[in-house]
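*Asks:* Okay, handing you the structure first.
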Amino acid sequence: MQALREFATALIGVGRAAHHRQIVVIAGKHDWCLEQADLLLEQSQLATIAWLGDRPPTAAITPLNIGRTQLVLGKEIDALVVDAWDGFDPDAFGATIGAVHGGGLVLLLAPPLAKWPDYADPATDRIATYPYTRRQLTGRYLKRLVRVIRSSTHALVLEPNQPLPRVAAPTLAQSGTVVASSRTLPTPDQQRAIAAIERCARGHRHRPVVLTSDRGRGKSAALGIAAARLLRAGYTQIIVTAPSLASAATVFTHARCLMPDAHAARGYLSDGRGRLEFMAPDALLRRPQAAELLLVDEAAAISTAILSALLGRYARIVFASTVHGYEGTGRGFALRFRQVLDRHTPDWREYWLETPIRWAADDPAERFAFQALLLNALPAPQAALVDATAGRCQLERLDRDVLVDDEPTLSELFGLLVLAHYRTTPGDLRQLLDAPGLSVWVLRDQRHIAAAALVIDEGGFPPALARAIWLGLRRPQGHLVAQSLAAHAGLAQAPTLHGRRVLRIAVHPACRRRGLGTRLLGGIFGDARGHGIDYLAAAFGVTNELLGFWTRFGMQIVRLGNHREASSGNCSAIVLRALSQTGEQFIKAAAARFADRLPALLNEPLRDLDPALALTLLQQFERPGAPAPEEWDDLLAFGFGRRQYMDTLPALQRLTHYALTDPRLTAALSRSEQLTLLARTLQRREWSELAGYLAVPGRRQVVAALRTSVRRLALISTEPQVRHRARELLQAR
């Protein structure tokens with residue numbers, strides 16, 4: 001006991017002297033772990049403690065449920081205890097560890113390290129898809145984590161009947177480090193960032209600022225300080241957007257420090273003259289608000305499509321992005337969004353914040369988290385893949401039992417997935433290694449990974465359970481496509497079929513546009529043929545580009561979600577390609593059902609869908625029937641006379657659907673005329689919005705444009721009688 005107390009005293013003393021966070025892994029039986037943690041916390045005399053688990057040793061410590069880690073975002077705590085006996089959740093660990101300030105303590109309680117990989121971890125319930133349970137999952141992820149702990153020079157390990165680890169004294173350089181915090185003046189990095197934000201607000205339009213750094217460098221604080229200064233200087237409306245309100249909490253905390261008398265509410269701060277207000281990214285696009293400055297925090301976790309749309313709508317905008325983040329990666333953000341900035345706002349400026357504000361450089365907890373969560377994973381170097389081609393690359397299905405022990409390959413693989421997808425999180429590494437029914441496919445060139453895909457098996461439910469899913473009575477874990485098609489698209493057969501879904505696919509930036517993605521999918525498709533699979537599937541946030549990629553591979557869209565995803569700003573699409581006769585019949589019926597429903601969906605839930613994308617969707621299916629003779633009567637009276645728009649609407653809807661799925665008729669209209677016809681008659685968009693498409697003053701001119709489109713279509717109709725009547729009416733005008 002005395003030795004442990006002395007260890008705790010030395011640990012905290014060294015941490016405070018260096019302004020470092022110390023991390024201690026306590027591995028053993030649960031009661032022993034709790035006892036050691038209690039003694040360490042008591043001796044350390046730390047006040048603010050977050051306990052990530054269900055059973056803290058004293059009632060004075062409030063447990064923090066894994067699903068509520070957002071409660072510590074934007075706050076500083078003295079200590080974090082992660083009780084892995086209640087489950088080790090990589091995302092929760094990554095989210096909460098950043099709240100511990102320098103001089104604080106991180107305790108990780110775990111089963112005995114030799115046995116931990118075999119432990120039925122409660123956190124794996126998230127990836128234990130039906131019919132698997134946590135006890136049936138592999139422990140590959142924990143095997144790697146144990147290896148990292150054993151080899152780490154940053155984590156101290158306490159185990160029963162083992163000597164206490166030695167606490168190294170801080171170096172002179174470390175003990176002399178000057179560190180800023182939320183209670184002191186901004187660091188020089190922050191001061192430069194704040195000045196850049198103020199110049200963005202006051203200077204020339206369309207010169208956005210991008211702030212990037214690792215976590216804990218004060219980007220969000222800089223946003224808040226700059227916002228408060230601008231409001232005090234007379235600015236009236238500044239908007240903050242982020243993946244969630246919790247993600248933007250630090251912005252409001254630091255703004256309020258400079259405006260203590262301002263009225264504050266959740267996501268709102270106002271001094272009576274100006275205000276700082278939070279709006280979610282998707283809401284900001286649906287209901288644009290005027291603002292003198294837009295601040296985008298954690299931009300890496302927001303899709304490039306949304307960021308691009310915001311860039312087009314706001315003249316003064318600041319993006320802040322974390323490079324090694326727990327809810328998205330700044331490396332992929334930098335790669336994808338830099339091209340957008342160069343194209344649309346070439347005078348943009350980037351600032352890198354190096355100096356930590358909550359802890360000193362070379363922080364042990366940060367170094368350990370980078371290794372344990374693979375936050376520092378990097379894809380293959382650009383130069384290694386400049387000559388990679390689809391024909392030259394080798395297709396390979398990786399053995400995950402081998403992969404977990406091959407750290408260079410695992411890092412290169414995960415680094416590529418991180419780079420390619422804006423929402424990759426630490427938890428995705430666990431899914432990659434442990435999820436049941438998942439396989440990893442890669443294309444290698446000279447042993448480097450040029451492309452990768454994660455594929456997971458779905459479906460195969462017994463009839464009784466499939467019917468319960470279709471009725472909305474059951475929703476077993478996983479099986480996204482099978483369950484979505486049953487519960488939302490009404491396809492009762494879907495859960496009984498065997499599907500193979502492409503969960504992720506990524507091609508290295510050095511070798512894109514060379515057919516590697518298609519080659520990889522071809523290999524996956526060919527392998528599935530011999531395994532009793534009915535269809536290959538993919539689900540993704542739909543854009544014209546992505547839909548084009550999947551349809552070129554022979555995939556057929558069969559469902560589109562009714563709502564935009566908040567993170568991507570896009571509706572989720574499901575595409576399928578048949579692998580069996582049963583699958584072919586099912587896809588044909590599913591596509592026909594979706595084609596029948598699409599016009600009605602565009603009229604209501606998909607009214608806000610990009611008209612260009614809506615047009616692409618319509619053109620995926622066979623042309624519907626032509627307008628009936630009595631409908632042509634209405635159309636001719638509208639096009640060549642003064643028949644009112646609303647009196648002609650049903651016939652206009654029929655003509656729009658018919659004409660825009662016929663290449664010859666579509667070619668008779670300009671692109672703006674095509675989109676206006678679709679957006680008004682099928683999507684029922686506002687007249688003012690349509691006037692913008694056509695660059696005309698208002699409704700009267702839009703109606704005139706619709707009449708012109710109808711006349712053109714009537715004059716080239718495939719029906720001779722319609723063409724004849726149209727010519728007569730044209731001559732009589």
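Yeah, the Cβs are placed from backbone N, Cα and C, and that goes for glycine too.
If you look up TrEMBL, you'll see GLN190, ARG358 marked as ATP binding site. The acetyl-CoA binding site annotation in TrEMBL covers ILE505, ALA506, VAL507, GLU545, ARG552. Marked as domain 'N-acetyltransferase' by TrEMBL: 438-581.
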*Asks:* Average the pLDDT scores across the domain 'N-acetyltransferase' (438-581) and report the rounded value.
*Replies:* 95
*Asks:* Which one of the binding-site residues (ILE505, ALA506, VAL507) has its C-beta surrounded by the most other C-beta atoms within 10 angstroms?
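*Replies:* Most Cβ neighbours within 10 Å: ALA506.
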*Asks:* Would you find the one among the binding-site residues ARG358, ARG552 whose Cβ has the most company, meaning other Cβ atoms within 10 Å?
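*Replies:* Result for the most crowded candidate: ARG358.
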*Asks:* Indicate the candidate from GLN190, GLU545 with the smallest number of other Cβ atoms within 10 Å of its Cβ, considering only these binding-site residues.
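*Replies:* Ranked by other Cβ atoms within 10 Å, the binding-site residues GLN190, GLU545 bottom out at GLU545.
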*Asks:* C-alpha of VAL507 (acetyl-CoA binding site) to C-alpha of ARG358 (ATP binding site): distance in Å?
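*Replies:* That separation, Cα to Cα, works out to 36 Å.
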